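Asker: Please find one structure pasted underneath; my questions will follow.
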Amino acid sequence: MRELSIISFNVNGLISFMKRRGYTESTFSRLIENICVNEEVKNNCLNVEKPDIICIQECKMSFKEDLNNSTGCPENYESYFSLAENNKRYSGVATYCLKDTIMVIEAGRGFSWLETSPRQFDINQMMKEENLKDIELSITNIKDKYGVTISEINGEGRCVITDHKHFILLNLYVPLLRSKTEEKEEKEQVLFNGIQTQNQNQTQEEPLENVDPERLRYRLAFHEYLNLSLHVLKHLCGRKVILAGDFNIILEKIDCFADFRRFLGDNKLEDCQVLNPTEILEKSSFDQIYSEMRKLNTEMIKRYNLVDVYRHYYPKIQSKYTCWNQMNQSRIRNQGARIDLFLISKEMVSESTKCEILDHIYGSDHCPILLILKMKEPESMCSLGRSKPPSICSRYLPQCKQKQSTISQFLVLSKGEIKNQCNKTIKSQDFKINCKNSDSSKKLSSNYPHCKHGIPCIKKKVTKPGINKGKLYWGCSKSDQQKCNTFAWVEEANNKNETNHNLKNFIIK
């Protein structure tokens, strides 16, 4: 038996989080290994080094521009990303699994597998033909009810599913209810912890038009597609599940700061009748809508026999939160809410040993949560007839296959002679650009080196006053927020020897 550690963390932008924690792309592997380590904390038992599985929410990354060999293939981890389409830096989830320790036999982005291959996670081969027809009919009903397709749900990158044989892990970033316009949101209300707070000029009852009806339909459709996934995985395939992530909902009053409890109503959720999701669209206030969404989540937990693991270990503890409003420094006063959860199959509770809120870890408006399971030693992939990770693993993406390159990789040495300023002949080595190693050599000039991102550099000019003003140099082509520190003087035809000397110094340094 061994302990298996699972981390769930909404980082509020993975690239930004990396920089806030003082790391760069070249040290990204260390960030992932130490994502739950705070060296200033003297009690080392609170730190979690090199977690087995890391579920990241709100990556805010682009497949083309941000996902590369560093972020997608850190040294000791395989990764599985689901990001927003059209390269929008919005939403996005990622699951990192420790190599040679965590087995992943299947993986999928979002809920598309329900349409394309509903038997994908049916390793016990329990599903029947009539089940497939029922799934297809359910998908059609959800689409007709809310006007939201599975592809639209997947387009925001809110779910990654990984099959670890003993259990299936769903890494979730559940949509947050939003106001109708971003301008109104900024001026009149603050969306915080899945709850809509109001300013003094607002009435307690908000009309429905202040809740974006499209986002409400999207949220309800997401909920039903998630329910359908759980029905297939648990009831039809007989699988154990772990739901990890940011659920953007406060389940009980004990899970939030006192000032927010008035939005949750007076009745206990178990005493309330659950409305049909379509009836929620007819509600007239945000408070009513939010209350119904809470009841829907509670009903889902009961229907699929799930357990909120943190509350299992700490049923009465208060003032332990996972998210705080950054706009008013509420973390300092610990005025937050617990909306990041581990929900696991009831039959797995006996296999869990710990569930903690790691509120000593900073870098985001959320803090990570930890789940420890006691598991058998993992089987090898080969024993299951599989030798490679699933097809959506980042290692197969073209931008992740290309390792970070340095200027020295595009230089070769050739013997030659150069004369110094004293006209003395000195045996030395002449440096020449070699672009044979570049995949883009056919399209780009043979003189273009690559930066540490593995992409072609661009020429830049020194504008600061001084002896180098006006000189050209090679630099990273990315924006100021993402560029690396690649630097080398550009070779000029009338001063080749001086440029070669600068390149040589760059390599040595």
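Counting begins at 1 with the first residue displayed.
Cβ atoms here come from the backbone N, Cα and C positions, even for glycine.
Features from TrEMBL:
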ACT_SITE  Tyr173  active site
ACT_SITE  Asp246  active site, proton donor/acceptor
ACT_SITE  His366  active site, proton acceptor
BINDING   Asn10, Glu58, Asp246, Asn248, Asp365, His366  Mg(2+) binding site
DOMAIN    451-493  domain 'GRF-type'
SITE      Asn248  site 'Transition state stabilizer'
SITE      Asp340  site 'Important for catalytic activity'
SITE      His366  site 'Interaction with DNA substrate'
Asker: Just give me the nearest neighbour of Tyr173 (active site) among the recorded positions Asn10, Glu58, Asp246, Asn248, Asp365, Cα to Cα.
Answerer: Asp246
Asker: What residues, ordered by sequence, lie under 8 A Cβ-to-Cβ from Asp246 (active site, proton donor/acceptor) and sit at least six positions away in the same chain?
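Answerer: Sequence-distant Cβ neighbours: Ser8, Asn10, Gln57, Glu58, Leu172, Tyr173, Val174, Cys323, Ile339, Asp340, His366.
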Asker: An 8 Å radius from the center of the Asn10, Glu58, Asp246, Asn248, Asp365, His366 Cβ atoms defines the neighbourhood of the Mg(2+) site; name the other residues of that chain inside it, in order.
Answerer: Asn12, Gln57, Tyr173, Cys323, Ile339, Asp340, Ser364
Asker: If you count the C-beta atoms lying within 10 Å of each candidate's C-beta, which of the recorded positions Glu58, Asp340, Asp365 ends up with the smallest number?
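Answerer: Lowest Cβ count within 10 Å among the recorded positions (Glu58, Asp340, Asp365) is Asp365.
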Asker: If H, G and I count as helix, E and B as strand, and all else as coil, what does DSSP give for Asp340 (site 'Important for catalytic activity')?
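Answerer: Once the DSSP labels are grouped into three classes, Asp340 (site 'Important for catalytic activity') ends up as strand.
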Asker: I'd like the Cβ neighbour count for Asn10 (Mg(2+) binding site), meaning other Cβ atoms within 10 Å of its Cβ, all protein chains included.
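Answerer: So the Cβ neighbour count for Asn10 (Mg(2+) binding site) comes to 26.
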Asker: What is the number of other Cβ atoms found within 10 Å of the Cβ of Asn248 (Mg(2+) binding site)?
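Answerer: Neighbour count, Cβ to Cβ under the 10 Å cut-off: 24.
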